[in-house]
Amino acid sequence: MKLLKPTWVNHNGKPIFSVDIHPDGTKFATGGQGQDSGKVVIWNMSPVLQEDDEKDENIPKMLCQMDNHLACVNCVRWSNSGMYLASGGDDKLIMVWKRATYIGPSTVFGSSGKLANVEQWRCVSILRSHSGDVMDVAWSPHDAWLASCSVDNTVVIWNAVKFPEILATLRGHSGLVKGLTWDPVGKYIASQADDRSLKVWRTLDWQLETSITKPFDECGGTTHVLRLSWSPDGHYLVSAHAMNNSGPTAQIIEREGWKTNMDFVGHRKAVTVVKFNPKIFKKKQKNGSSTKPSCPYCCCAVGSKDRSLSVWLTCLKRPLVVIHELFDKSIMDISWTLNGLGILVCSMDGSVAFLDFSQDELGDPLSEEEKSRIHQSTYGKSLAIMTEAQLSTAVIENPEMLKYQRRQQQQQLDQKNATTRETSSASSVTGVVNGESLEDIRKNLLKKQVETRTADGRRRITPLCIAQLDTGDFSTAFFNSIPLSSSLAGTMLSSPSGQQLLPLDSSTPSFGASKPCTEPVAATSARPTGESVSKDSMNATSTPAASSPSVLTTPSKIEPMKAFDSRFTERSKATPGAPSLTSVIPTAVERLKEQNLVKELRSRELESSSDSDEKVHLAKPSSLSKRKLELEVETVEKKKKGRPRKDSRLLPMSLSVQSPAALSTEKEAMCLSAPALALKLPIPGPQRAFTLQVSSDPSMYIEVENEVTTVGGIRLSRLKCNREGKEWETVLSSRVLTAAGSCDVVCVACEKRMLSVFSTCGRRLLPPILLPSPISTLHCTGPYVMALTAAATLSVWDVHRQVVVVKEESLHSILSGSDMTVSQILLTQHGIPVMNLSDGKAYCFNPSLSTWNLVSDKQDSLAQCADFRNSLPSQDAMLCSGPLAIIQGRTSNSGRQAARLFSVPHVVQQETTLAYLENQVAAALTLQSSHEYRHWLLLYARYLVNEGFEYRLREICKDLLGPVHCSTGSQWESTVVGLRKRELLKELLPVIGQNLRFQRLFTECQEQLDILRDK
């Protein structure tokens, strides 16, 4: 054995409370007290192991120093993969660190340039839950969980896959919890506290397995820490600071029955730390000796307040070695090297010691295969870690389930290979740019600073920012919901490169996440992801959502009509006996202002309507003044016969102003009985002529000419329709105020509240419909005709079936605010009217329930906090367009989401995500949008699978499956919005098959579908 105390490992005379060696053995970390804060230092292991490296000045001894903790650091622990370092301190925080590959060293802050950080480590997550000092942290096998204990008497289990999610808070101790340890087979976690107890908790349900108190009855809270340890074979748990006949011991607790019949004795003061060697040993065979197999044994190091260290072998009754007065103060922590032959010990006196053993002294270490066989023979399975998405001990009972699991593993392997290629490509690019190294570029930048001289001759130098270039593997955020799959754990164990598959600090879309199964999501407005863009996107004239490429395309086009601006609605109080405002005759100056306003609005409309190839047509009829009197302005000349010009065919019909002839009809409407606060919508006035292009059929044009003089002197209005060169025309006795068309019908609204409907060949389908009040907006989609009147009543008819869909429904219930206006109108292909209001809310009318339903809200906090990027199957699946996507108009709310998710607890985020996805499914169902319903249902089910919500998932499967056997009394419907429910269930099965936890549900649904198929 060799003993070394490297004096250069220190915290400037301050105490060192913790030490831990990196799994690859190249570095080690110390944690303790700094000058004015807690200090975490990462040291090079090579100068400790090799004397030549210690003397070589070119080999750095200190790699990095982090002073982020506000108070003393009590514990530092490397993850088993070596990718992360966790530190806990008196500031009640746990910080998780990850290396950042910077170019070149940097100096330690406050060291006046004397200390340099060779490696750069950044804090990727700060875990806040404890209300007192954090005394110990411990990573579980395979890094699935991180446990922390505190003087607040609790143990917190963190989900290391999705920081900062808390899986459980273990409450049961009545004193300061000062030590933690996981058993090597992942079934228990043990904690020791000042309440004179050691408690063992089950990881299956995070409940108490046993509480051991007898060996600690005589103990007092005299130690700073109580670091207990579990043997690598899982047979023994050794505690710190127990008492036997008033003498300090380290109590040995047998896993079988939790018996306390043995202990390590000999120390004169309380035991502070116990640490088992990670290796299992067997006796070294000497030359010529018998080949009889030896019994495996373990090695354990014990540190005490008496400043001595003892090393024990479980095959010996006495310690292998005892070193007295190794330090000036109490021993605080112990760490073994991964090969099991070296040990680092730290003390409160601020120094560390390294002991180097030989195989002749300890024995031959067993291989990992032999160690795994010992676990299997004793416990059946090794490392039986159970998380939400990984059940290593579960047996796959269904061949279809096995097929899905293998497919998922192959996809993860492909993603890993692609990521490896991208990383190698990026490293080659960042290392050399155009044949010049980054270091040379950095030096040349100093020579290229910009220098100018002012008029008075003084020099002005523009400084250049020469920042460190980070080439590390950085993710965008720390929130994600990627479950740790069974194949993922195996990959992490098999190769170091698999470490990148553990997304500790990766985010998570609603919506591109750095996870194995999700590609970066493109920003396209055709994607109904619940994300949001700027407020102007909702009111844009063009709608990119309709023209974006999509895998889940809708067979029919939606025709939203952006019909109202901020001056849409007017509220007036009816004053009995007072003269009507409509009787006021405007002056010539006012008439001129009206004409100028018309010209200005027309020019704006022409500029905003330049794209004639949109799938979604938005028409914006504007009320030209807040005055109720609107005069006719002769601004549109009589159109020539034949095909209209391009600029005229795009001219919105809604730019007309009201004529004096229409005042009588408006006055008639205002004379109707109304409440004290009446809602009045603008009325379009007749034009001499106008042309309208039908948005659903670009080859279809509607031309209207009012007051056409005939031979008898009778004035008529002419309606023309041109479709693919085929033209028809008809005449009407009243002047046409507005017109609309679709691929199925053409309708016009005339004076005297008349609405006429024609087929696309010019045949009148219905006698003129008398509207309850003058028309305000007219719109057609397919066979559906929607009329919105000046009295704010809405009607929708199916003219082919000649039935009413919505009958004179009032908008008063949704326009409740004094300044509320309608900013956009939609009529879906199923005749569902949708109103977008100025406050960002959108309501659709449900004909079945005769209610207005809220389907979108731009200020919805659920959409801002929802995070379901882990549930996105692919980039293409997000390109789902439809009425819901057009209404919501969201493509990316990552900015608002990122700002909120850092302050939103994961439990709240999980609940808001569920609520948001359920709202999306319900909204798509109400809008009868089959493609969007399928999209959001699959997304919702995938999130339930990832988060482990079995009850809700089972309810969905039950509804989609329906009764297996025929029943006359069953009310179950086999379709939903035109989709067969059992076909949807078949699409859900591969999603359910990704989580072994739901294999029973998968098998049940699969078997019942097979029974139905055989029938």
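Glycine is treated like the rest: Cβ placed from N, Cα and C.
Noted from Swiss-Prot: of Thr508, Thr554, the annotation phosphothreonine belongs to Thr554. Listed ranges 244-302, 421-479; the one Swiss-Prot annotates as region 'Interaction with ASF1A' is 421-479. Counting only same-chain residues 6+ beyond the ends of the repeat 'WD 7' (326-367), those with a CB under 8 A from a CB of the stretch are 1-7, 9-21, 23-25, 28, 30, 32, 48-49, 75, 223-225, 227, 272-285, 296-297, 299, 301, 303-305, 307-309, 311, 313, 320, 374. Looking only at the region 'Interaction with PAX3' (738-826), the predicted model's pLDDT averages out at 89.
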